[in-house]
Amino acid sequence: MTKPYSIGLDIGTNSVGWAVTTDNYKVPSKKMKVLGNTSKKYIKKNLLGVLLFDSGITAEGRRLKRTARRRYTRRRNRILYLQEIFSTEMATLDDAFFQRLDDSFLVPDDKRDSKYPIFGNLVEEKAYHDEFPTIYHLRKYLADSTKKADLRLVYLALAHMIKYRGHFLIEGEFNSKNNDIQKNFQDFLDTYNAIFESDLSLENSKQLEEIVKDKISKLEKKDRILKLFPGEKNSGIFSEFLKLIVGNQADFRKCFNLDEKASLHFSKESYDEDLETLLGYIGDDYSDVFLKAKKLYDAILLSGFLTVTDNETEAPLSSAMIKRYNEHKEDLALLKEYIRNISLKTYNEVFKDDTKNGYAGYIDGKTNQEDFYVYLKKLLAEFEGADYFLEKIDREDFLRKQRTFDNGSIPYQIHLQEMRAILDKQAKFYPFLAKNKERIEKILTFRIPYYVGPLARGNSDFAWSIRKRNEKITPWNFEDVIDKESSAEAFINRMTSFDLYLPEEKVLPKHSLLYETFNVYNELTKVRFIAESMRDYQFLDSKQKKDIVRLYFKDKRKVTDKDIIEYLHAIYGYDGIELKGIEKQFNSSLSTYHDLLNIINDKEFLDDSSNEAIIEEIIHTLTIFEDREMIKQRLSKFENIFDKSVLKKLSRRHYTGWGKLSAKLINGIRDEKSGNTILDYLIDDGISNRNFMQLIHDDALSFKKKIQKAQIIGDEDKGNIKEVVKSLPGSPAIKKGILQSIKIVDELVKVMGGRKPESIVVEMARENQYTNQGKSNSQQRLKRLEKSLKELGSKILKENIPAKLSKIDNNALQNDRLYLYYLQNGKDMYTGDDLDIDRLSNYDIDHIIPQAFLKDNSIDNKVLVSSASNRGKSDDVPSLEVVKKRKTFWYQLLKSKLISQRKFDNLTKAERGGLSPEDKAGFIQRQLVETRQITKHVARLLDEKFNNKKDENNRAVRTVKIITLKSTLVSQFRKDFELYKVREINDFHHAHDAYLNAVVASALLKKYPKLEPEFVYGDYPKYNSFRERKSATEKVYFYSNIMNIFKKSISLADGRVIERPLIEVNEETGESVWNKESDLATVRRVLSYPQVNVVKKVEEQNHGLDRGKPKGLFNANLSSKPKPNSNENLVGAKEYLDPKKYGGYAGISNSFTVLVKGTIEKGAKKKITNVLEFQGISILDRINYRKDKLNFLLEKGYKDIELIIELPKYSLFELSDGSRRMLASILSTNNKRGEIHKGNQIFLSQKFVKLLYHAKRISNTINENHRKYVENHKKEFEELFYYILEFNENYVGAKKNGKLLNSAFQSWQNHSIDELCSSFIGPTGSERKGLFELTSRGSAADFEFLGVKIPRYRDYTPSSLLKDATLIHQSVTGLYETRIDLAKLGEG
């Protein structure tokens, strides 16, 4: 039997570190068998390693391509339906017509008939184009003419309408004469007033319509409309909406008090994403006003289209397009004449050079209208007499094309209007048109409802439609074949996600009245107030909360702090009220209540709890469906409750978004003792006033236990762990890490002879710790300072600049001391004394909440002071004496937004008794105990995998402890014992973290077994009394000293030093827990192992990479046909289209590589030659290869194939000199070219690791020790440099770069310490690795070393892997290996 052991895991988004430890903290090693054809049969390996992999990605790219394919397929089908109707009649006139149209884009040699697509002869073709320069000329002619037209022309006009049929946003009847701008503007105003609680109105809306239709610039339109509303400012939010509506860009940053720019532009392709981002900051409540503004913008745009002088025409759109064509023609002639007079050179650049943004590039589609206007404006501004052109450019009405972005505002009804005119006129001459009129119209108007979804049959992952009968679906039989009601139900089930806490329950809509009520009470429950004669802040009681909801939340959409103050004063007579837990206004609201009240107009009905189910069902329907017909159908069941007018108004309402919680969680599950639901507690929780998170984690209530029980995996799911992980909340990246970690644990158990581990310790990386928003915020420091100091009335930013700086910018403000200096207006935060800006390094940065309790290094927890001792006690917040003196100043900083409410609260906490023992215990405990839901899910998966037996009470019998640990504990352990981590050196740090997790967790639980309820997943009733037994003060002492068991001595704040025993023991059992010499020596020894199992996960590629972003089978954009004799390899746009004639797609993405042993014919004499070589298999070719591998390779020119070995991306090769390479890809179009990565890991001794740790942090001005250490050990850089150079010589092979580096290093003594550090390890705060770019695993990269540019090493070739190379297949841990000596292949 194997000895007892534990497993440590460090799970990230692109790595999993792992380690096996024994009871004495050692990492065992095992002699592992090696399979394959090499002489190596066994290798001794340490049970310590890391699995690296490419991060999981979202399905967005795949989804976008899939929807585009469907759109094009359906468009093609519409054309085929029309051809089917025309086919019999057309055959009697011209039986090759459709064939010629299909061949129209083919080169002349490939056409099956005449090269003239419409009439088949030059004379008629020319006459057609002379009479009808654009398709719109033809459409207008046919719509207005009473003459019999050629059937081919009728088809062309109808096909154009069916192909580009317009949007379906407007329901019901619509024509060009009822495009009501005034009504749309009133709708926008109503919504704006409701959301922003204003009362804007416009008496003369006709005036507004005249302004938007006038031929003036967009800016002038906005200004004129704004003047119709005298109370509105040019800088206000209404003005920004007007900018949007007239077609300009708006910025809502100031309006919503955001840190970053929030630009929106209706005509931008990214508008939907930009709006989604903005709503993410400000809330979905505002989505309606943007929706109404967009509708108004579309109406204005459409009115601009349809402004024609010919009132008799039945083709208003075509008339507008003809007008645009004529204006373009006339303006082009004027522009050509004008520019010709400037110079011939300018004329040629504008009209002949398509590489510029001039007319040649614009008309050829290589530059867009916006860039063309910018180019032209700049050119024309230099010359006189260009006012006509410049005015039209300002109106965006110059040289417009027929097809532009604003065509998207045309509804399908406009095309239908013209279609009906043509059919009515021509049906007199072609009876089949009269007979099929409804069918033809149906082709244009038919749209598959989104709730029916894709119509695929069989095992499609993306289709859910339910059929009544099994036959081909057409626009005319859709209603008979598809069961719309059942499909809608399937859509609901598919659309609604599951509760994070109760995985079997569906979440509520975001606008559910229950969900909104929950959010309101959850926010209210943490509001506190203080008034005159009150000693401390107190929470609102149950009656007060109910009153506020009834009187304010149900009376207005946005409730503010003033409302609460007004209530407390009016009802309770309080004066001098101050609030906490709310900034100006509540985030939550009962917006749905107000919507329904406006529609139903029955407050009693809404307030009656017995109607809750009806209201929730209505909101659910309005969230799920957009289709008015389906909404009406589903609301029809309430006809006996509401009258028709109410149901009609309801059917027009639409909600978006889903909450995160279910009705059952909020108001379903009940506490076993009290019988209360979570909502009940939020409304009335006595004096506790716990919020949602506190309620579900409170051991005194049964919610926590019920949630845990609900999360247990069913037996039917346990077999398919991949599906279970897939269903977890979280990103694809973190899920991939979880899945790999479970595979690693399975393999380690196998390696350990099948014996289960004593414990598994899990630490999980936080995702996106450095988000774009975070980066942006750090870069916005200057802007925020300028704004806040201006508010304070301070000129310090301009007047006080450090002597060593010429100006203050965002870079300079990354220095926390300088930033704090300005945030504090140059004052000591505790004394108010002036600080000297040129002596900032002499001052202390003090942590408001001491680091002993909270490791918070954010600006919110830091102040700059002349001496930290001025705060008062070192184990508490600043003293009451300091608060009394400085509170007024701090309040000024708060009002100017130089400090946050949280910072102010912590600074003034002494007024409320300072840090209580409960506060301190809570701070410390939160840093020790992992609370993230995703980590709990992983712990649950492992717990149910290994502890699946039950006792007689149906409780899990836990033989394997699943321990979750926060990274702060290991970070503290590393810091205390100088076990430095430097990520740039190699990938070992993931394995080391996993090992240290296991060590720290094991030692702590041996010493303090009563900590199991804190760290071990599951139910531990025997220790539950531990929490109640210890007082808060005892907890503080216990938690803050928890890591002291590893230290020999502890230094106290008062200067005393307490010695601890050399060997820590468990006080109850006497068992030895931690020997501070031998056990620490063991840890140092393990971290110094040069042999760590590093595996890069090999994977078949399902997508390529395009500038670092996932792409499809090849580059998305078509490339033009290659020049004659070009070697460029393209994939045809269609299988039957030769890319040499028609162009195609470049950048073919590879899936994997095969190693082929066989023969090929070489040279002109076709000499048979034996080969062993790589052949890339593209994602495109993969299906054909899998169908018949041998035949596929024979077609590639191979003969007598003896052997095929498939090699996924990152397959590992070891050369005879010990250097390792990973095969990233071989081009499928040229097997002599490919990408080979470095595969060795450099190992450094601890003295070099320590040097580099300090070197990476040399710019840290708070801790000068980093610089001092590097200055004292500068000589070690020389030794390190030559060690790295030797590694390069032996394993990397970049010998030319080695010489370049050697030459650059000769002058190293002349370089500053900062240059040396950034050259060796990369600049502080950067992801660049400096000199370690040369040695690190993966693709080569260029870098700079001591001022010399070192180019990317590109000399690895595919053939280099075939000389004396051994192919190494590794298992997920790297412990199992199969080695194949390529030289011995074929020896049987």
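The backbone N, Cα and C atoms fix where each Cβ goes, and this holds for glycine too.
Taken from Swiss-Prot as is:
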BINDING   Asp10, Glu767, His990  Mg(2+) 2 binding site
BINDING   Asp10, Glu763, Glu767  Mg(2+) 1 binding site
DOMAIN    771-928  domain 'HNH Cas9-type'
REGION    1100-1130  region 'Disordered'
COMPBIAS  1100-1109  compositional bias 'Basic and acidic residues'
REGION    1102-1388  region 'PAM-interacting domain (PI)'
COMPBIAS  1116-1129  compositional bias 'Polar residues'
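Taking the features listed in Swiss-Prot, we show where each one sits on the structure.
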residue: Asp10; record: Mg(2+) 2 binding site; DSSP (3 states): strand
residue: Glu763; record: Mg(2+) 1 binding site; DSSP (3 states): strand
residue: His990; record: Mg(2+) 2 binding site; DSSP (3 states): helix
Sequence-distant neighbours of His990 (Mg(2+) 2 binding site) in its chain (C-beta under 8 A, six or more apart): Asp10, Gly12, Ser15, Val16, Gly17, Val50, Leu52
Spatial neighbours, same chain, of Glu763 (Mg(2+) 1 binding site) - Cβ under 8 Å, 6+ residues apart: Gly8, Leu9, Asp10, Ile11, Thr964, Leu965, Lys966, Ser967, Val970, Asp993, Ala994, Asn997
C-beta crowding around Asp10 (Mg(2+) 2 binding site), within 10 angstroms: 30
DSSP-assigned states of the compositional bias 'Polar residues' (1116-1129) in counts, ordered helix, strand, coil: 0 helix, 2 strand, 12 coil
Integer mean pLDDT for the region 'PAM-interacting domain (PI)' (1102-1388): 86
